[in-house]
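Worksheet: the structure to be examined is printed underneath.
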């Protein structure tokens with residue numbers, strides 16, 4: 001990597017090369033586990049849709065309904081400014097934040113698949129309660145259960161896939177988690193588009209209850225998924241762990257010997273750590289700790305969730321009708337899912353850093369473009385008489401391009417990179433940090449976005465564009481390349497980095513990866 005900001009090619013050693021291939025067994029298990037992202041994606045997509053449906057607003061948020069449907073004098077920027085409405089959306093993420101700490105204990109003590117099973121089961125209960133909701137309290141309680149389910153699922157799934165996948169294909173297989181999130185968003189947008197047309201006004205119940213489908217999928221899948229070799233070793237069964245490693249790599253016992261020995265060493269180091277949360281504060285883990293906080297924080301400060309779970313509301317705000325807004329968000333969801341495939345192909349081919357930087361550049365350009373377009377037509381007053389068709393098309397193209405750039409960069413890599421950089425002894429605790437930071441900023445943005453839109457108007461998109469520029473610079477200077485590095489050796493990449501090497505205690509000879 002040019003500039004000396006990644007792992008260079010001038011060191012004297014090489015990374016250990018474990019044999020292994022993508023067997024049918026590991027492909028099926030990784031796909032089945034990654035599909036757990038459907039519950040997160042479905043919820044992101046469904047929330048904005050139901051909060052733009054008149055029957056739902058009229059029943060649970062009548063003040064918002066009056067402003068949106070009846071008061072034509074209301075400033076377009078402020079139509080949906082309601083604490084109760086944003087609490088409906090954001091309560092899930094606050095619950096997921098709290099659940100991630102309990103999920104850390106379950107993931108380490110009982111195994112990754114038990115976290116997935118619990119996540120799917122609790123999410124299913126929340127979906128049923130939301131579909132049957134009679135009042136706002138019932139609605140919020142259901143959202144809290146959904147959040148607990150999401151917290152368990154996203155704490156365990158990236159770790160599971162990272163540990164099961166051969167290291168040379170870890171990136172592509174882990175990106176399947178983000179792909180399933182994107183597919184979940186697309187499915188939710190499809191459901192919303194058709195349910196809002198239901199004559200009885202109960203379409204929102206079908207939309208919310210539809211979350212039971214991905215919940216059943218992850219719950220049933222988790223019953224049949226095997227535990228990872230790392231997780232089996234943590235529970236003290238080396239013979240079974242070796243057999244599982246041999247099976248997922250499609251190799252003989254002697255061929256997996258080197259990788260198994262490294263996993264055993266990592267497991268012993270993990271057993272020696274009685275307080276992983278306390279160990280996170282040690283100097284030698286400083287690079288990983290900083291990445292586990294800043295990467296998920298920056299992922300949310302791109303403003304992507306403004307686009308994804310408030311898409312219909314956002315399109316209504318800039319003058320689209322109800323049908324047009326849901327169709328536009330459906331198009332955005334489709335582009336988002338398709339663009340994720342770029343990351344599936346390119347993460348292990350081009351590297352994490354390049355995708356981060358390409359995506360950041362595109363997001364910055366098109367976020368500024370969206371701010372300019374909205375500011376041009378709506379100004380500071382939020383009043384506009386009519387919007388020409390060509391204007392609407394350009395806005396949708398800019399938002400779709402922004403979403404596509406996120407989908408192949410910060411979307412998948414924001415989950416992949418943190419999940420692969422932690423040594424086993426702090427892996428579950430550190431992943432909880434990733435999830436809790438991600439959920440905190442998702443909650444914060446979901447809770448204040450509509451108020452910020454009301455007060456900052458089109459300047460809100462400039463606000464997010466500033467953070468996109470900042471995070472792109474952060475990646476350029478501070479993130480080393482992690483592609484093609486075995487997960488059990490990942491802690492050693494920091495020794496070659498121009499900045500982080502002063503924090504890391506090196507236990508073995510240096511190595512380099514040619515990028």
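Cβ atoms are placed via backbone N, Cα and C, with glycine included.
Where the annotation comes from TrEMBL, it is an automatic prediction and has not been curated.
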Under TrEMBL, the annotation transmembrane segment belongs to which of these stretches: 47-69, 139-161?
139-161
Top Cβ-contact partner of the transmembrane segment (173-194) among 22-42, 206-225, 429-452, 458-479 (pairs under 8 Å):
22-42
Distal contacts, the transmembrane segment (458-479) - CB-CB under 8 A, six or more residues away:
3, 5-6, 291, 294, 298, 301-303, 306, 352-353, 356-357, 360-361, 363-364, 367-368, 370-372, 374-375, 378, 410, 417, 449, 452, 497, 499-500
Mean pLDDT, the domain 'Major facilitator superfamily (MFS) profile' (29-483)?
83
Could you give the residue numbers and ranges of same-chain residues that sit at least 6 residues beyond the transmembrane segment (22-42) on either side and whose C-beta is under 8 angstroms from one of its C-beta atoms?
112-113, 116, 119-120, 123, 146, 149-150, 153-154, 157, 160-161, 164-166, 169, 173-174, 176-188, 210-211, 214-215, 217-218, 221-222, 224-226, 247-250
If contact means at least 3 Cβ pairs within less than 8 Å, sequence distance 6 or more, would you call the transmembrane segment (390-417) and the transmembrane segment (324-344) in contact?
yes
